[in-house]
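Worksheet: the structure to be examined is printed underneath.
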Amino acid sequence: TLYGHEEPIICLDFDKLYGTLVTSAYDSTVRVWDLAMYKCLGALEGHSGRKSASITDPQTLSSHPDRVRCIQLTDKRLLTGSDDWSIKQWDLSLLPPSRSRSPSLSSTASTMSTPLGSPTASSFDQRPLETLRGCDVGTFDGHNGEVTCIYADEKHLVSGASDRTMKQWDLETCQCVLTLDIMWAMGGTKAANVWAASDMQLDAWANESGEVGEFVGALQFWNFALASGTVDGTIRMWDCE
């Protein structure tokens, strides 16, 4: 069991057994964990974006009000989509190696013998949260709303956001190569009815500004085929070729 976040977890991903885990929570921190050491390596800083004026301490992500809603970790390449309307790419291989020793046999045994969900003293790390720097390698800007889902392969990234669009990006250049308008796909009068809050009861998806933040809830693509799931309860298939 890993402890450290102060509010509910939003999303997470890990690369392999005893490898690296990355988590995001409503405490507005993105934490990197060493699964072999049972420890938090620190928090990634970034995602300043459109709300940068509200940052109280630009040196740490934990003071940032924007939250990361979606994460994908492949080997050492990490992608994060945020409420600041941007997606960031990180190279975790650029992080310095962990400086702490492996857990002792006693602490490991204590953790393993404790029932699931029951915290032990050895499960908590009381040290100040370190800010991890130097691994931010790119930013994808172009959405006009919170980024709610992402999916990437070796060359391309696809993202969905509350601006009611999905975008395809080149991972090497961080440039948008295609934009898909979901409202256009809904079509005509039906789209207006679907989008009406009175019909869809969209208040459950509204953020503090009253905007719908989970318009695109999920997506995945393979070669040129893209599947998306949206707030109207519809799954759509797209040809991105």
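In case you wondered, yes, glycine gets a Cβ from its N, Cα and C as well.
Taken straight from TrEMBL:
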- 2-35: repeat 'WD' (REPEAT)
- 61-93: repeat 'WD' (REPEAT)
- 97-125: region 'Disordered' (REGION)
- 97-116: compositional bias 'Low complexity' (COMPBIAS)
- 140-179: repeat 'WD' (REPEAT)
- 226-241: repeat 'WD' (REPEAT)
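According to DSSP, the repeat 'WD' (2-35) comprises 0 helix, 17 strand, 17 coil. Per DSSP, the repeat 'WD' (61-93) is made up of 5 helix, 18 strand, 10 coil.
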